[in-house]
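Presented below is the structure to which this report refers.
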Amino acid sequence: MNDQTIYALASGAGRCGVAVVRLSGPQAFSVLCRLSGKSDFKARYAHRVQLIDPVEGDPIDDGLALYFPAPHSFTGEEVVEFQIHGGRAVVQALLDSLAQMDGLRLAEPGEFTRRAFENDKMDLTAAEGLADLIHAETRAQAKQALRQMEGALGTLYNDWADRILHILAHFEAVIDFPDEDLPEEVEAGARAKVANLQHEIEDHLKDGHRGELLRDGVRLAIVGPPNAGKSSLLNQLAKREVAIVSDIAGTTRDIIESHLDIGGYPVVVSDTAGLRHSEDVIEMEGVRRAQDRAQSSDLKVVMFDAADWPNLDQKTLDLIDDDSLVVLNKMDQAKPDVADIGGQKPIYMSAKSKEGLVDFFKRLEEEVATRCMMTGAPALTRARHREALEDCVEALVRFAEIDLPELAAEDLRMATRALGRITGRIDVEDVLDVVFSDFCIGK
Ligand SMILES: Nc1nc2c(c(=O)[nH]1)N(C=O)[C@@H](CNc1ccc(C(=O)N[C@@H](CCC(=O)O)C(=O)O)cc1)CN2
Ligand SMILES: Nc1nc2c(ncn2[C@@H]2O[C@H](COP(=O)(O)OP(=O)(O)OP(=O)(O)O)[C@@H](O)[C@H]2O)c(=O)[nH]1
Ligand SMILES: [Mg+2]
């Protein structure tokens, strides 16, 4: 157990109604007694306390305090929480008093959660779920994160690891007792179980990156020739004037990003420079970036001015694929009857008169939802998990190709170790810093 006591403002920075300052470590309780002048605290109850700086004798605040004795706390250590008035000076006074005390120090980002992990209060996937919950910006993101924090992924991966360990036990027996003739069908059964497991993991990996898309946001690019109305659409989506709109072709040059909540799903939309050849090197750089962004996006709105039909820009037509919504804009001025553009049925709209916009939003929401829909099974949420699961599958594939029990057993051990890396059971020192570094202070 850690001998240092850490503290931090657990609520957000800046003036607020009530702020929470949290301490964790062996001295937490004695600090509570010193600041409040009391020592009779009932575990996990809110107590009204007059907090006084023990050195200066200055009053800090009339607040509430909670004491969580180890090991029944968030971190598993002695934990004390102060709920105080959220004025900057009040919070600062308490933090200053704490800073004065020997053996106390400010917590590093994620340190409370790291201690919870080290004291077996949660596994790594739960800690990551907690971090995601704090960063979640949409409802669906928050739900996925909460589910992960509550152990949905950890349970899945631990069960897989346990199943491999059981099969491994069989091979260890073969190795340890080579003279015993273990029945053939036992080995065949064990191998069938591994094959099943391998398929389950492969199915979990083949999820179209649903969980990752929901966690990181679906990347949407708006592309098309100059003046098609791309920036006008961005402004409609963002419900504010994010981008400059003008009737001068080549208005947008850099990529303009905006974060949207579309039906509870996170979308990062990029407005891009109109695709055309230009003598202007800066505009050409913008066009290059636009094309890059189109390539790296999960979804595209490929937009044309309806009046340009049937002479549509070839550069833009070339970008149309299965991840594209093809839009004929400015339907208030022209509405040609077109069944198919690049294999897609066009959507008519006007980013100016707003005609057709509701239907377009509906289509967009459907496309976003199918890409990151939460189904019954919990989805993979991070590249870190994906890599480890791929290592696990690799080991299981090698296992299937090998007869020698010693080598087969080693492959099974590698497979469990790969799963253990995800949950933090084994072999994790190097991943800990990565996992905990994107927390905020006080968590
Ligand atoms: N004031 C406050 N609100 C908070 C937290 C907190 O730490 N403090 N949380 C922090 O993120 C979340 C709640 N999560 C918590 C998780 C575990 C324990 C805890 O004391 N666990 C003990 C006892 C379990 C029990 O009896 O229910 C344990 O695990 O042993 C507390 C809060 C959100 N709200
Ligand atoms: N009539 C009509 N005009 C529109 C519509 N959408 C956009 N416009 C106008 O078309 C012009 C170009 O719009 P923008 O949104 O700047 O076009 P863009 O595609 O971003 O153009 P670039 O940034 O140059 O690539 C502006 O004058 C808009 O007001 C529409 O649906 N109907
Ligand atoms: Mg523009």
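Using the three backbone atoms N, Cα and C, a Cβ is placed for every residue, glycine included.
Any TrEMBL annotation is an automated prediction that lacks curation.
Per TrEMBL, the features are:
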BINDING   Arg22, Glu81, Lys121, Lys443  (6S)-5-formyl-5,6,7,8-tetrahydrofolate binding site
BINDING   227-232, 246-252, 271-274  GTP binding site
BINDING   Asn227, Ser246, Ile248, Thr251  K(+) binding site
BINDING   Ser231, Thr252  Mg(2+) binding site
DOMAIN    217-373  domain 'TrmE-type G'
Glu81 ((6S)-5-formyl-5,6,7,8-tetrahydrofolate binding site) versus Ala249 (GTP binding site) - Cα distance in angstrom: 59
Shortest C-alpha distance to Ile248 (K(+) binding site) - which of the binding-site residues Arg22, Glu81, Lys121, Asn227, Lys230: Asn227
Among Ser231, Thr251, Thr252 [binding-site residues], residue with fewest other Cβ within 10 Å: Thr251
Ser231 (Mg(2+) binding site) and Ser246 (GTP binding site), distance between Cα atoms, whole Å: 9
Close-lying binding-site residues around ligand 2 among Arg22, Glu81, Asn227, Thr251, where CB distance stays under 6 Å: Asn227, Thr251
Binding-site residues clustered about Ser231 (Mg(2+) binding site) [Cα within 10 Å; pool: Arg22, Thr252, Ala273]: Thr252, Ala273
Residues close to K(+) site centre defined by Asn227, Ser246, Ile248, Thr251, Cβ within 8 Å: Pro226, Ile244, Val245, Asp247, Ala249, Gly250, Thr252
DSSP-derived structure type at Glu81 ((6S)-5-formyl-5,6,7,8-tetrahydrofolate binding site), helix or strand or else coil: strand
